[in-house]
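Visitor: The structure is given below, and queries will be raised subsequently.
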Amino acid sequence: MTNLNYQQTHFVMSAPDIRHLPSDTGIEVAFAGRSNAGKSSALNTLTNQKSLARTSKTPGRTQLINLFEVADGKRLVDLPGYGYAEVPEEMKRKWQRALGEYLEKRQSLQGLVVLMDIRHPLKDLDQQMIEWAVDSNIAVLVLLTKADKLASGARKAQLNMVREAVLAFNGDVQVETFSSLKKQGVDKLRQKLDTWFSEMQPVEETQDGE
């Protein structure tokens, strides 16, 4: 297993939907979460960069798929935040279509990190993201963010509750606590990413039956 240097991660491009992404080769790991789950902060903590992923005081502002390259052919994908109440319904549907299309069709997608506020985990859209991933045979790491907001006992109780709940998905779903502020859970996140980035990809199909 390769230990990648996530501090070398750099922004590549933004895309409004899957059709505007670069060629479907290499390995991608996607980050998804509700608009206030701390996704941008987690990416910045992972890479030890203060502004790699733009954090916003306005939830729902990140409407694009953002790609970051860790190493040649190895990318992190920041998916649009979902579930923000004040976003118009039409825009919500558009985001959900883009998310579902990416999870179902992107061949280079190796793993999905779903971030949830530890105080409010497993909302409907969180569960839908996990379900989409499991249905597409994609491994999932659930990060219960803002873990520093709870005392140790409450933190463990939430962790155990979510671990029990995700068994119902019958998929490869791991759950860990995470705090960008305290740098808690960063090592486990890096270990999981290293594993996913080290896995062999299936041989690409040739065109025209060649």
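Quick reminder: no glycine exception, Cβ is built from N, Cα and C everywhere.
OK, Swiss-Prot features for this one:
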- 33-40, 60-64, 78-81, 145-148, 178-180: GTP binding site (BINDING)
- S40, T62: Mg(2+) binding site (BINDING)
- 25-199: domain 'EngB-type G' (DOMAIN)
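Tell me about the surroundings of these features in the structure.
Guide: Taken residue by residue with DSSP, F178 (GTP binding site) is part of neither helix nor strand, so it is coil.
In the three-state DSSP scheme, S40 (Mg(2+) binding site) falls into the helix class.
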Visitor: How many Å separate the Cα atoms of G33 (GTP binding site) and S40 (Mg(2+) binding site)?
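Guide: Between the Cα atoms of G33 (GTP binding site) and S40 (Mg(2+) binding site), the distance comes to 10 Å.
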Visitor: Between S40 (Mg(2+) binding site) and P80 (GTP binding site), what C-alpha distance do you get in Å?
Guide: 11
Visitor: Check the domain 'EngB-type G' (25-199) for me and report the mean pLDDT.
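Guide: Result for the domain 'EngB-type G' (25-199): average pLDDT 91.
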